[in-house]
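Peer 1: Below are the structure tokens for one structure; questions will follow.
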Amino acid sequence: MPAPVLALTTGEPAGVGPDLTLQLAATASALPGRVVAIGDPQLLADRARQLGLELVLEPCDPGTALPAPRPGVLPVWPVALAAPAEPGVLDPANAGYVLETLDVAIAACRDGRAQAMVTAPLHKGVIIDGGHPGFTGHTEYLRDACGVDEVVMMLATRLAHGDGGRALRVALATTHLPLREVADAIDTEGLSRVLTILDADLKRQFGIARPRIAVCGLNPHAGEGGHLGREEIEVIAPTLARLREGGLDLVGPLPADTLFTPRHLHGIDAVLAMYHDQGLPVLKYAGFGRAANITLGLPIIRTSVDHGTALDLAGSGRADTGSLQVALSMAADMARARRA
Ligand SMILES: NC(=O)C1=CN([C@@H]2O[C@H](COP(=O)(O)OP(=O)(O)OC[C@H]3O[C@@H](n4cnc5c(N)ncnc54)[C@H](O)[C@@H]3O)[C@@H](O)[C@H]2O)C=CC1
Ligand SMILES: NCC(=O)COP(=O)(O)O
């Protein structure tokens, strides 16, 4: 069985995405699948030279089969930059380029030329500035491009210490939203959809027969019996009760500050946090550089790095490839599991 083809979008051209792609391709003894980079070949060649990396970039036609893998050769599906890119310097002119790399990867996953897509980081602000005011991230872009109503962002890592390499998975009930809007965005329908997708994809994509999911409250102390907010009483607890009747194994809502302690995490397959900065700081404290971001609920497989564009490191050679390695490995494993 040939290794799965992983379509790797190289992300914001002024960020570390091109660097990480090239660093991994030049130095990793083995990549976890057949990686094809999507980006501007000249940008990649210039960045490789800047980083002092020796590898051959081989532009290929996305419409034809990939050449057989060879050590030191990185196949590239070419997408042309709109303007030359300088490491660390954002240019809204290249917003369309970044989105086009995503479109190429999505199309390849949908028609079977690739078995998964892996995304290097993009810069949300510069894409908005470049004429895409509704853009909030890969997650929502993929949802719309794949024509599904709801997706779920989940980050996963392996705990390093004292926990036998156990997985920590943190999913989000809301994603890229101003904090002011979060409480209003949490309603029974949305929460039900998110938990149903999370449960289904932990089974389907991660092989967990009966996922046990712990759900955070929204407010301090999960609302302190209604004295510090009523979302737990009026929305979250009744939603969990209804989903339990449908067979989901749910714990909570629990105060988020104590939920993320080893005793409460014991036996839990995933935590659902109510908002981005309730769950992700914990995940990143536990595993920054060793975690991947997975979009659940899509018809295709998509993983990503756990970090952003790191403009301060672009072109320096000091960006850590750990998370990209995890994202590629996870995508390859998920593709093999789906094929099996
Ligand atoms: N998957 C994606 O496309 C993601 C994109 N972003 C976007 O990235 C942009 C910048 O976000 P920031 O909050 O500044 O986060 P950031 O992750 O780019 O940087 C935060 C800190 O982590 C460091 N860092 C990041 N990646 C690193 C790596 N591979 N090796 C070593 N150090 C690394 C940076 O140097 C910086 O000090 C924003 O537009 C954000 O939306 C953020 C997270 C994920
Ligand atoms: N903090 C995670 C993040 O911002 C990644 O977003 P996305 O671009 O993968 O939707």
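Note: Cβ is positioned from N, Cα and C throughout, glycine not excepted.
No curator has checked TrEMBL annotations; they are predicted automatically.
The feature substrate binding site is assigned by TrEMBL to H138, T139, K284, N293, R302. According to TrEMBL, the feature divalent metal cation binding site maps to H176, H221, H276.
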Peer 1: Based on DSSP, name the secondary structure state of N293 (substrate binding site): helix, strand or coil.
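Peer 2: The residue in question, N293 (substrate binding site), is strand (DSSP, three-state).
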Peer 1: With substrate as the bound species and H138, T139, K284, N293, R302 as its recorded binding residues, calculate the greatest Cα-Cα distance and give it in Å as a whole number.
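Peer 2: Farthest-apart Cα atoms in H138, T139, K284, N293, R302 are separated by 19 Å.
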Peer 1: Helix, strand or coil at R302 (substrate binding site), per DSSP?
Peer 2: strand
Peer 1: Rounded to an integer, what is the Cα-Cα distance in Å between N293 (substrate binding site) and H221 (divalent metal cation binding site)?
Peer 2: 28
Peer 1: In whole Å, how far is T139 (substrate binding site) from H176 (divalent metal cation binding site) when you measure between their Cα atoms?
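Peer 2: Cα-Cα, rounded: 9 Å.
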Peer 1: Would you say which of the binding-site residues H138, H176, H221, K284 has the most Cβ atoms within 10 Å of its own Cβ?
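Peer 2: Selected residue: H138.
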Peer 1: Could you check the binding-site residues H276, R302 and say which one's CB has the fewest neighbouring CB atoms inside 10 Å?
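Peer 2: The binding-site residues H276, R302 were compared, and H276 has the fewest Cβ atoms within 10 Å.
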Peer 1: Distance check, please: Cα of H221 (divalent metal cation binding site) against Cα of R302 (substrate binding site), rounded to an integer number of angstrom.
Peer 2: 34
Peer 1: Filter the binding-site residues H221, K284, N293, R302 down to those with CB closer than 6 A to an atom of ligand 2; keep them in sequence order.
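Peer 2: Result: N293.
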Peer 1: Would you kindly give the Cα-Cα distance separating H276 (divalent metal cation binding site) and T139 (substrate binding site), rounded to the nearest Å?
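Peer 2: With distance taken Cα to Cα, H276 (divalent metal cation binding site) is 13 Å from T139 (substrate binding site).
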Peer 1: Three-state secondary structure of H176 (divalent metal cation binding site) from DSSP?
Peer 2: coil
Peer 1: Between R302 (substrate binding site) and H276 (divalent metal cation binding site), how many Å separate their Cα atoms?
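Peer 2: Between the Cα atoms of R302 (substrate binding site) and H276 (divalent metal cation binding site), the distance comes to 19 Å.
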Peer 1: Reported as an integer number of Å, what is the Cα distance between K284 (substrate binding site) and H276 (divalent metal cation binding site)?
Peer 2: 12
